[in-house]
Each structure stands twice: as C-alpha cells, then as structure tokens.
Amino acid sequence: MATAGPRSFTAAEVRARCAQGACLVSCHRRLYDLSGFVRLHPGGEQLLRRRAGTDVSAALDGPPHRHSANARRWLEQYYVGEIEPGDEQSLSETLDEKELVAASQTPEQTDLCYRTVNVEKDLVDWQKPLLWQVGYLGEKYDEWVHQPVDRPIRLFHSDILEFLSKTAWYVVFMVWTPVVLYLSWVSYTSLAQGKTRLFASFTTEYSIPVHKYYFPFIFLLGMILWSLLEYLIHRFVFHMKPPASNYYLITLHFLLHGQHHKSPFDSSRLVFPPVPASLVIGFFYGVLRLLLPEVLGLSIFVGGLCGYVIYDMMHYYLHYGSPKKGTYLYGLKAYHVKHHFEHQRAGFGISTRFWDYPFRTLIPEETFKKED
C-alpha cells in the first residue's frame, strides 16, 4: 500500500487559517503549524505572530539572529505539509494590520496534526519509559540528549514513581516558603539572645559576637553561596559527560538533567521534586552544622534555601514566562534558551549569569540578540 504524500496548502488557505488565530509559517515551501509553540518562543509571542502566514526562510538565516541546527530540527516537529507550487511567492509579504490582529488571538483548535518526534527513526521507543533505555545508547547518548523535542517524557514503569518524579512549579513555593519563614524566625530570635560567637570553639578571648542585626547580611551571604553552588552543580554534575561504556552513569545523568535537555518545555519537570530535594537540602544543612556554629550555620542555610526557591521559580519562568523586551529577565531567558539549543557547554547560570564570568563559560552576547 502506497504511503500518502504530504498535504498541499494554497496561500489563501494558509492566510485564512491565520486569520482564525492559527500561526502557520513556511520555509522553502514547507509549511509549519506553530500554534502550540508561540507562547514558548524565546523571542516573544508577538514576534512569531507577526510572521504568521509568511515565509520565514530569511528570518531563520538572520541577521540579526541565525538559528541553530537544533532550532531548525525543532521546527521540523511542526511540519504539516507543502505550499502549492507558485503560491510560495505570495507568502513573502507580512500580514496586514487586520490579519495581524486576528492572528494574535488564540485559536480554539487546529485540525492540523504535527509530529512531535519521528518515532520510527529515533533511537529509543517513545511508547515505553525512557530511563531504562538511554543507557544503551552509548556513544550516541550525548548527541541524542542534546537534540530537544517538544513532547512529555515518561521515565518509570511505576505510576507512583512517575507521579513522584513530576512537580508543578507552585509546589516548590508552597512546600519550601513556610520552611524559609520559620527558619528565618528561629535564626533571628536565636541571634537575639546574644549567645552566638564566631571562633568560640577556638578561643574565648578573641571570639566575635554575632548580633541579631547581622542576620540580613548572613541571609544574603547564604543566597550568594547558593548562586555559586547552583552554578557548580549545573556545570559539573548536571553537565558531566558520562562515559559511553557506562550504562549506569548515562542513566543517572538522564535522570538528573538529561531528561530536561531532551524535553525542555515539559512543564512538569522544570523544578526539583520535594522528596529528593529534601534529601539534598538535608545533606547541605548537615555540612553547615559541622563547619559553623549552629545558629550561624542555620542563618546561612536559610538564605541558601531561599535562593534555591527563587532559582526554581525563575527556571520555570525562563521557560514559560513572557518577560518584557529589554528587561533583565528577557535577556536571561534568551541566554538560557541559547544554553539549551546551541551552547550546552556554556551558560550555566540560571538565576544569574554572574558566575559565568569568572569561570569563563559566558555565552557571547552577540549570539543571543533578538529581532525587534
């Protein structure tokens, strides 16, 4: 039985769908339905909406921004058919004002079907949990995991484990914010007793009293130390390159972070689940207890915990938020998306780019400029 060829669309049909709120673009006669992607577009939704119903070949090549191979591969997931011969020229013009207003409206539903991943040619079986498959990819794993797709990932056979591996962004805020507030109160009131002294375990005569007024500065120190820890974990743990021959390290890498790079817009896997997070947080609290006086260590710890909550919230926002053009968050979002799609070995800062400077892993600014 012969396989049906790609569906053909006339320019008039494309414009009619865009006028109804769909976001279709063409590239050298190939037609793509980006209706489900516009809100995630790193350059902003309106930038993509303005391109609806047009040919984006020149925009992909730049200037001002040449799209990476991963971005072009990502685009292919939304392929729906071909523009009829002779009609491609009529899509070179942008939409008029009336059509643009219509295109900015969210469509009720589109009947076009795009493929989220080519399951026949991919190296894993997407109908089964991926965690136990990726270890067999060997030397192909590193390239495969850094070719992102737009589809959710299932890790485990067990429904319970699968549920525990997913977390909505607001759960992190709801779980850890009360802990931060309570520990902040405990730290401050403990310092207010005037019994905390630095270096008291070594000398009484030269020990330094730690007053309650120092708490905000100690808290801030904890947040700064967290930003450094965030960078180091992201770079040296999450972005370790597991040996191709080690099934277990590949599996561990995919569990910790590889899954996020494979499916960067899976909204249920953008923040750390509270159960494993509590184990890691408990470990770092124990380290501080060993190194510093109890109250001082707790004050630094609670600042770091607050930094972690901000980090998780910001990470979600960098994927799903729509920051205003020209703001700090707009630039940070562009920076982070570049890390996913083009510079996986650089740009490790999430909540701040600061540590990328001294460690020389900064993504050059000219590589993530966006169109007006």
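Yeah, the Cβs are placed from backbone N, Cα and C, and that goes for glycine too.
Caution: TrEMBL annotation is automatic and unverified by curators.
Listed features, source TrEMBL:
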type	residues	note
DOMAIN	6-84	domain 'Cytochrome b5 heme-binding'
BINDING	His41, His67	heme binding site
TRANSMEM	168-188	transmembrane segment
TRANSMEM	213-233	transmembrane segment
BINDING	His234, His239, His257, His260, His261, His315, His319, His336, His339, His340	Zn(2+) binding site
TRANSMEM	270-292	transmembrane segment
TRANSMEM	298-318	transmembrane segment
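Location within the structure of each feature annotated in TrEMBL.
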residue: His41; record: heme binding site; Cβ contacts under 8 Å, 6 or more apart: Leu34, Leu47, Leu48
residue: His67; record: heme binding site; Cβ contacts under 8 Å, 6 or more apart: Leu60, Asp61
residue: His234; record: Zn(2+) binding site; Cβ contacts under 8 Å, 6 or more apart: His257, Phe348, Gly349, Ile350
residue: His261; record: Zn(2+) binding site; Cβ contacts under 8 Å, 6 or more apart: Val145, His146, Pro148, His340, Gln344
residue: His319; record: Zn(2+) binding site; Cβ contacts under 8 Å, 6 or more apart: Leu40, Pro264, Phe265, Ser267, Leu270, His336
residue: His339; record: Zn(2+) binding site; Cβ contacts under 8 Å, 6 or more apart: Ala346, Gly347, Phe348, Ile363
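Contact count against the transmembrane segment (298-318) (Cβ pairs under 8 Å) is highest for 213-233, out of 168-188, 213-233, 270-292. When pLDDT values are averaged over the domain 'Cytochrome b5 heme-binding' (6-84), the model yields 80.
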